[in-house]
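Per TrEMBL, the features are as follows:
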BINDING   50, 207  substrate binding site
BINDING   125, 180  ATP binding site
Ligand SMILES: Nc1ncnc2c1ncn2[C@@H]1O[C@H](COP(=O)(O)OP(=O)(O)OP(=O)(O)O)[C@@H](O)[C@H]1O
Ligand SMILES: Cc1ncsc1CCO
Ligand SMILES: [Mg+2]
């Protein structure tokens, strides 16, 4: 298990590098929150590009340091775009981030998510229900009946209930898994970290999870998957805590949050409360 001070210095280094190098992480993401994803990526110091077409997903893999795939609002063209993009990232050895939003809805989503398994995303980011369902779909923990628990895009499970699924997924991919909630869980399969902070208002605005995935991709362009995920999650928690000090309703909170993402320093991010235990 990694030491806490090593993790914190890794987070400072990752956040400093992102600010210094403006890494590009392209996205294929949902149409509900696409604007929030791009603006969050820019606010943390990265660069964004959103596409829909199959050859353009491959172009973004080649052009960027990492790529983000979010399953939110599938369109027919994604049947080709998503596998080609994931395969290109895997072949190029570039980190890619998967947000299995809406897992359990419809047959195309299930087929695409099942098909991603060999392409091993460096980071899987989801809410508790999504992480439990993905581990079941990939036959890693639980079983495929876990798919039926997903009711839509919001969680119906606790972060604690998704711990085993998250660890199993990380051991399979060799990367990192983040489960979002009041306290966020991040694991690489040997260490389990809990990052606290943020605000309940983050659950009252759509896209905090989606944009966190996009920010994790920006960090993955500059750091190993576990450090990148921890940095992204801590960045969200520190910005969420600060935004809640000035805004008390969803719309103004979202605006304040993007400002606080932009303002948070590498030390602020590394000093956000973090607890670790063995997986
Ligand atoms: N009650 C809470 N207290 C603190 N932070 C929270 C709370 N609920 C959610 N968050 C934060 O909001 C962010 C997104 O988590 P959430 O679980 O809402 O994702 P999600 O359901 O995938 O979101 P979406 O699908 O709307 O993008 C994470 O950074 C998480 O820490
Ligand atoms: C509300 C919603 N529906 C599909 S994707 C999305 C954004 C949050 O996941
Ligand atoms: Mg989500």
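Here the Cβ of each residue, glycine as well, is placed from N, Cα and C on the backbone.
Taking the features listed in TrEMBL, we show where each one sits on the structure.
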residue	record	Cβ contacts under 8 Å, 6 or more apart
50	substrate binding site	26, 27, 28, 29, 34, 37, 38
125	ATP binding site	97, 98, 99, 177, 178, 180, 209, 212, 213, 216, 229
207	substrate binding site	32, 33, 36, 37
Problem set entry | Filtered binding-site residues, from 50, 125, 207, whose Cβ is under 6 Å from an atom of ligand 1 | 207
